[in-house]
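Taken from TrEMBL, the feature N6-(pyridoxal phosphate)lysine applies to K35. The active site, proton acceptor annotation in TrEMBL covers K35, Y256. According to TrEMBL, the feature substrate binding site maps to R132, M304. Marked as domain 'Alanine racemase C-terminal' by TrEMBL: 235-359.
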Amino acid sequence: MNQRAVATVNLAAIRHNLAQVRRYAPNSCVMGAVKADAYGHGAVPVARTLEAAGIDALAVACMQEAQQLREAHIRAPIALLEGILSAEEATLAAYEGLQIVVNDFWQIELLERMPQGATLQVWFKLDSGMHRLGFPLSAVPKLRQVLQRNRSWRFCGWMTHLARADEPEVSATVEQIEAFDITLAGIAGARSIANSAGLLAWQQARRDWVRPGLMLYGASPLPGKTGRALGLRPALTLTSRLIAIREYPAGSAIGYGASYRCPETMKIGVAAVGYADGIPRSLASGAPVQVAGRPATIAGRVSMDMITLDLRAAPQARIGDEVVLWGEHAPAEIVAEHAGTLAYELFCGLTNRVQFEYVDPAA
Ligand SMILES: *Cc1c(COP(=O)(O)O)cnc(C)c1O
């Protein structure tokens with residue numbers, strides 16, 4: 001009751017979401033994305049949960065994130081999605097047994113300069129249309145020569161990433177998949193195409209490996225669909241407490257810049273959470289929250305340590321009542337829309353002032 005901003009992470013929900021991934025892609029191995037501190041959920045507890053549930057591999061962005069998991073004794077295969085950035089990282093990747101997602105020839109040069117005998121595990125990432133990382137498709141013959149002259153490398157497979165998988169009506173995804181398939185026709189090696197949106201919306205993207213991130217945390221990457229509608233359970237619930245309730249007459253201006261004016265005499269509540277905790281300042285008046293289980297809305301600007309709330313729909317609210325910002329019954333996707341952003345950014349934006357609590361009701 002004394003904590004002001006609390007993120008409660010339900011590890012059973014993460015296990016449930018992994019089971020849903022397996023239901024969507026029953027013939028695929030699962031590489032779960034736990035980069036960015038497991039999308040703000042806590043890399044080590046999430047990775048432990050996924051490992052115990054038998055996930056096939058984990059994926060992180062960079063060496064620092066991989067080392068954090070190895071230091072916590074996570075033994076599952078871990079892929080470095082941006083590959084290695086230096087000779088030191090190449091050595092560390094071999095030592096820690098990491099899978100390196102190689103996306104450029106300069107990284108191959110670093111790897112080929114490693115002392116003989118180091119066991120390197122490599123994916124090759126191809127650019128099938130995203131135009132961010134990856135080899136052009138025309139590089140595939142050269143990449144096959146690289147594999148031929150480095151027989152000690154363990155080749156994990158061919159990877160690509162979809163740019164518009166969350167838009168079921170556009171043809172870009174089909175074009176990317178076709179280009180990837182045509183380029184690799186008859187060539188050996190596992191294939192991996194789909195992130196969460198790819199594996200949810202495009203059956204033909206569910207290949208040897210799927211790489212879900214967001215959906216493991218229970219949020220939907222597909223516009224107009226919540227995680228719940230897709231059979232997922234939001235894993236993180238962000239709560240705060242009411243620390244003030246005041247009644248103001250019609251016309252009163254609330255907060256910085258007087259961006260909200262009370263349309264009638266009404267109660268305004270103050271919750272002890274703000275942009276320094278990770279509530280986007282762009283979250284506009286009218287965005288939904290819950291106060292003691294009743295709907296309420298943001299009224300006025302988000303400030304550093306507090307938000308102000310229209311309590312007209314929660315007339316019984318009292319000091320100390322719980323305020324839910326997003327979570328199990330308040331989809332982060334919907335809150336994100338009110339802030340002009342995505343659930344991804346809400347999750348990653350939580351700061352270290354938020355107190356994290358882990359629950360595992362099913363364990
Ligand atoms: C982050 C990431 C994923 C996971 O994406 P989601 O949209 O969170 O499912 C998959 N593949 C790559 C290469 C990534 O960088």
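Cβ from N, Cα, C; glycine included.
The DSSP secondary structure for M304 (substrate binding site) is coil. Look at Y256 (active site, proton acceptor): DSSP puts it in a helix. Fewest other C-beta atoms within 10 angstroms, among the recorded positions K35, R132, are seen around R132. Y256 (active site, proton acceptor) and R132 (substrate binding site) have their C-alpha atoms 40 Å apart, to the nearest angstrom. If you take the Cα of M304 (substrate binding site) and the Cα of the residue listed as 'N6-(pyridoxal phosphate)lysine', they are about 27 angstrom apart, rounded to a whole number. Reported as a whole number, the C-alpha separation between the residue listed as 'N6-(pyridoxal phosphate)lysine' and R132 (substrate binding site) equals 18 Å.
Taking all protein chains in view, 13 other C-beta atoms sit within 10 angstroms of the C-beta of Y256 (active site, proton acceptor).
There are 11 other Cβ atoms within 10 Å of the Cβ belonging to M304 (substrate binding site). When averaged over the domain 'Alanine racemase C-terminal' (235-359), pLDDT in the model lands at 97.
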